[in-house]
């Protein structure tokens with residue numbers, strides 16, 4: 001029989017929607033030689049701000 005382990009849901013991340021500007025937007029980010037540029041065209045649904053799409 002394998003040993004039992006305890007899993008805690010709060011370890012690592014919290015579920016839910018976070019404001020984009022608080023979690024991903026870094027205005028003072030400096031690019032590195034290893035960075036890869038990827039571009040996507042996104043059309044927000046009605047009522048969704050463009051920066052949140």
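Glycine residues also receive a Cβ, built from the backbone N, Cα and C atoms like all the rest.
Summarising the annotation, Swiss-Prot assigns N-acetylproline to 3.
Annotation source Swiss-Prot lists N6,N6,N6-trimethyllysine at 14, citing similarity to another entry. In the three-state DSSP reading, residue 14 (N6,N6,N6-trimethyllysine) counts as coil. Note: residue 14 (N6,N6,N6-trimethyllysine) has no non-local neighbours, i.e. no same-chain residues 6+ apart with C-beta under 8 A of its own C-beta.
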